[in-house]
Amino acid sequence: MSSSKKQTLFISTLIISWYSSNIGVLLLNKFLLSNYGFKFPIFLTMCHMSACAFLSYISIVFLKLVPLQSLKSRSQFLKVATLSIVFCASVVGGNISLRYLPVSFNQAVGATTPFFTAVFAYLMTFKREAWVTYGALVPVVAGVVIASGGEPGFHWFGFIMCISATAARAFKSVLQGILLSSEGEKLNSMNLMLYMSPIAVVALLPVTLFMEPDVISVTLTLAKQHQYMWILLLVNSAMAYSANLLNFLVTKHTSALTLQVLGNAKGAVAVVISILIFQNPVTVMGIGGYSITVLGVVAYGETKRRFR
């Protein structure tokens, strides 16, 4: 096999694995939180962060998948800790929303990330885009408004949590660009995960004990009723880490434009698979709204690239 074919096969395998991990962890989250009786999104997030901390350490320190980058100052540690808290908030909010909303609608709301990123970039860094670029964000928001009106399983609290998680995700990306902007403080995503994860676990532990005090007893009861309970939690947590690892590898081996296109398609694939698995009712209005949002995201990415 020629080297170009090997490279193509390698990248294709990476992309398929990335899709599988991202969509798999999303669907498993939904299954555990809505269909399995495991109603502890904060504890679930803590499990994810624990797995990310442990597996990041193994991957970087022992397997040396990427060079270890050290934190050089107390200031840099505080910046990473701040990012970790914001990251936690986005993941917890997303997991809480899955208790109340179908995956399909969750993904539709999540597709508005570019809108919030543009807003935070303008407010925090005064970075302005061309007006045509901002114009492309109109269908992004309009599509979600239409999808909300056509969503049979709409739930206000779930929607607020989902919007908050999406905004926090965008805020984290802008904040990361500000806090870790100097060359001496930049960390690749794998090393950033290595340092953020343990901080997230420490932050989530008291919140879990306070907000979900019966998590241990209920989990043990569920484990007695369902023999695969612990396996599902372990697989789910491992997939949360692999999604981050594969995202890093796909970013490394493809272009930013390819990653953007793949990201947009991934949301659509997740929606189709979730509808087939969970059989949640959808309407023409809901599908139309989501389609408008995705087209708006594609248009935004294209105009941003052209008018940069």
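Each Cβ is built from the backbone N, Cα and C atoms, and glycine gets one as well.
What TrEMBL says about this protein:
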- 9-28: transmembrane segment (TRANSMEM)
- 11-300: domain 'Sugar phosphate transporter' (DOMAIN)
- 40-65: transmembrane segment (TRANSMEM)
- 77-98: transmembrane segment (TRANSMEM)
- 104-124: transmembrane segment (TRANSMEM)
- 131-148: transmembrane segment (TRANSMEM)
- 154-171: transmembrane segment (TRANSMEM)
- 192-210: transmembrane segment (TRANSMEM)
- 230-250: transmembrane segment (TRANSMEM)
- 257-278: transmembrane segment (TRANSMEM)
- 284-301: transmembrane segment (TRANSMEM)
For the transmembrane segment (192-210), what are the same-chain contacts with Cβ under 8 Å, counting residues 6+ beyond its ends? 40, 42-43, 45-46, 49-50, 52-53, 56-57, 60, 71, 77, 80-81, 83-85, 87-88, 92, 176, 180, 241, 244
If you count every Cβ pair below 8 Å, which range out of 40-65, 131-148, 230-250, 284-301 shares the most with the transmembrane segment (104-124)? 131-148
Name the range, of those listed as 9-28, 40-65, 230-250, 257-278, 284-301, that has the largest tally of Cβ pairs under 8 Å with the transmembrane segment (131-148). 284-301
Count, for each of 40-65, 230-250, 284-301, the Cβ pairs lying under 8 Å from the transmembrane segment (9-28), and report the range with the highest count. 230-250
When pLDDT is averaged across the domain 'Sugar phosphate transporter' (11-300), the result is 90
